[in-house]
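Engineer: The domain 'Major facilitator superfamily (MFS) profile' annotation in TrEMBL covers 25-525. Among the features that TrEMBL reports, transmembrane segment is placed at 38-57, 63-84, 93-110, 130-150, 244-261, 281-300, 312-328, 357-377, 389-409, 421-443, 455-474, 502-524 (among others).
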Amino acid sequence: MPTTLSDAERHANMQQDTFLGHPKGLFVCFFTEMWERFSFYGMKALLFLYLIKYHLFTDEQGYNLIGAYGALVYAVPVVGGLLADRYLGMRKAVIFGACLLVLGHLGMAFEGHQAARVAGEVVRDEGALQVFYFSLALIIMGVGFLKPNISTIVGQLYPPQDPKRDSGFTLFYAGINLGATLAPLLCAYLGETYGWKYGFGLAGIGMLAGLIVFIRGQKYLYGVAEANDPEKLAKKRLGISTEVWIYLAASLSVLLIWGLVQTHSLVLQLSEMLPSASPVLWTLHGISLVLAIGIGWFMLKHCNKIERQQMTALLVFIVAGLIFFGLYEQTYGSWVAFSDRVMDRNMLGLEWSAGQLTFLGAFFVISLSPLFAWLWPKLASKGLDPSKPIKVALGILFAGLSFLVLVLGIQTPLESGLVSIWYLVLAYLVLEIGELLLSPIGLSAVTELSVKRVVSLMMGAWFLGTSYSEILAAELSKLAAIDTHGGVISDIPSAMQLYEELFIFSAQIGIAMAVVFFAISPLVKKLMHQQAAA
Ligand code: PHE
């Protein structure tokens, strides 16, 4: 891999090697991330149901675990992004992350014995559970190294003012959602129909495909994702290079996460008295504190007034993202439980499984994207394009409204007493309008509003916001925790009532927060200092 070329020379080489008008490297990133998200969402679609039905977790324990997993999986990218920036370079970080992910996802396919109720007590296969927690830890670390860096590589493929960059990112986002659409359809179907291990196993095979794509395609990156300072990386301490030290430290940290991910459910029982006793939460708070001090210090010492105000606006967007995804991530918690337990899942002549239906989110992202791509320029030409802070407020509003659609479904049940599946479809449609209003804005706000020197740190802060969202989503879902027997409920009407209360509360949060963000939007717009704030 030639590392002595300048960026301009690398880009010039890349321009000679294109496909559909984009550097071939884009398609390497597209397929790698498509497979990574395939494995990620295929596994996520099954996770809650697997815990409840196979290991006989209570709802509360299940939500705690998916909250802890989700929180850690989006906290580690903060570190993974920084390490790649300073030492490893993105290409090596992606390969390392992908290897951990293959191991983690394949490890999930080991299910051990199903838990059983013996004399009123649940007896679980503790050994198999340890393998499961360890696999989750590998996935958490793997995502931490892969996810932030594969996106940064996409940005590096284009010279600074290249107008193709945006369409490159749009294509990349389509790859993410293609993986996320196919995964639940295939993995959850296999997992729920033939056996959990087949679903998890397929996710693992998908990730293996991603690793192979990246290894074979890395030559098309033309050196743009290499370490900034290869000498620093090769420097030996105690006979071991910095690069190997990083891999060792990360592998040791997998052990730490292994412990952390399983303490959550145990300690949270204690946390009813002590709300922040969960070690996972402490970990998040710790990372946030360091990040907040770093960002605060940077803003005070190194930013001029305009930069400071732009960074402040960015922090507002990060909080908005946190709230939005706090509602959104319930799709893998309470929405899955709701669809599994109180919904008639027949649609278009097929019976859909609850995990499978999580495909609807990414499916609507893909279907609605062209509409938005057409709408924004159209509105802009009439001067009606809403500002970014307004779009973000609208995004949160739509998230709130999606829960109202479910409430409507509960209030107008079918003759069987169950909720019609079409309300879930409609709720996803409304939610995804929200995602498309908010998520691309958030990502572009990071790259536009952040002072360039700290952009990967701010990207980390955006992901960290999502970590808190996962905790928030789990805590909200827990409001509708039900005592089930391996996921089977006896009293459907009272379950429906519980879900109705949760969904009304979630809608209230969304609508109230949207009002707040509408109210502060003029101020945020001012802080952004943008000519055309669209
Ligand atoms: N669904 C997108 C992805 O997986 C965006 C997203 C990222 C959503 C992180 C939530 C958290 O990349």
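Every residue, even glycine, has its Cβ placed from backbone N, Cα and C.
What TrEMBL says about a protein is an automatic prediction, not a curated fact.
Where in this structure would I find these features, and how exposed are they?
Structural biologist: Along the domain 'Major facilitator superfamily (MFS) profile' (25-525), the predicted structure has mean pLDDT 90.
Long-range contacts of the transmembrane segment (38-57) within the same chain, counting only residues at least 6 positions beyond its ends with a Cβ under 8 Å from a Cβ of the stretch, are 63, 65-66, 69, 101, 105, 108, 111, 114-117, 122, 124-125, 129, 132, 139, 143, 179-180, 182-184, 186-188, 191-192, 196, 199-200, 202-204, 206-207, 210, 265, 332-333, 336-337, 340, 354-356, 358-359, 362, 484, 486-487.
Sequence-remote contacts of a segment are chain residues at least 6 beyond its ends whose Cβ falls under 8 Å from one of its Cβ atoms, and for the transmembrane segment (93-110) they are 32, 36, 39, 43, 80, 83-84, 128, 131-132, 134-147, 149-150, 153, 197-198, 200-201, 203-204, 206-208, 210-211, 214-215, 218, 225, 247, 250, 254.
Sequence-distant neighbours of the transmembrane segment (281-300) (same chain, 6+ residues past either end, Cβ-Cβ under 8 Å): 71-72, 75, 78-79, 260, 307-308, 311-312, 315, 451, 454, 457-458, 460-461, 464, 467-468, 471.
Beyond the transmembrane segment (357-377), the same-chain residues lying 6 or more positions past its ends with a Cβ under 8 Å from any Cβ of the stretch are 41, 44-45, 170, 173-174, 176-185, 188, 331-332, 335-336, 339, 345, 385, 421, 424-425, 428-429, 431-433, 435-436, 534.
Listed as Cβ neighbours of the transmembrane segment (455-474) (distance under 8 Å, sequence separation of 6 or more from its ends, same chain) are residues 63-64, 66-75, 77-79, 81-82, 85, 147-148, 151-152, 280-281, 284, 287-288, 291, 294-295, 311, 314-315, 318-319, 321-330, 332-333, 442-443, 446-447.
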Engineer: Could you give the residue numbers and ranges of same-chain residues that sit at least 6 residues beyond the transmembrane segment (421-443) on either side and whose C-beta is under 8 angstroms from one of its C-beta atoms?
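Structural biologist: Counting only partners 6 or more residues beyond its ends, the transmembrane segment (421-443) has Cβ contacts under 8 Å with 173, 317-318, 320-321, 324, 327-328, 331, 335, 339, 343-347, 352, 357, 360-361, 363-365, 368-369, 372, 388, 391-392, 394-399, 401-403, 405-406, 408-409, 462.
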Engineer: Can you tell me which parts of the same chain pack against the transmembrane segment (130-150), counting only residues 6+ beyond its ends and a CB-CB cutoff under 8 A?
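Structural biologist: Non-local partners: 29, 32-33, 36, 40, 43, 55, 69, 72-81, 83-84, 90, 93-94, 96-101, 103-108, 110-112, 225, 250, 253-255, 257-258, 260-262, 456, 459-460, 463.
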Engineer: Please figure out which one of 63-84, 244-261, 389-409, 502-524 racks up the most CB pairs under 8 Å against the transmembrane segment (312-328).
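Structural biologist: Most contacts with the transmembrane segment (312-328): 389-409.
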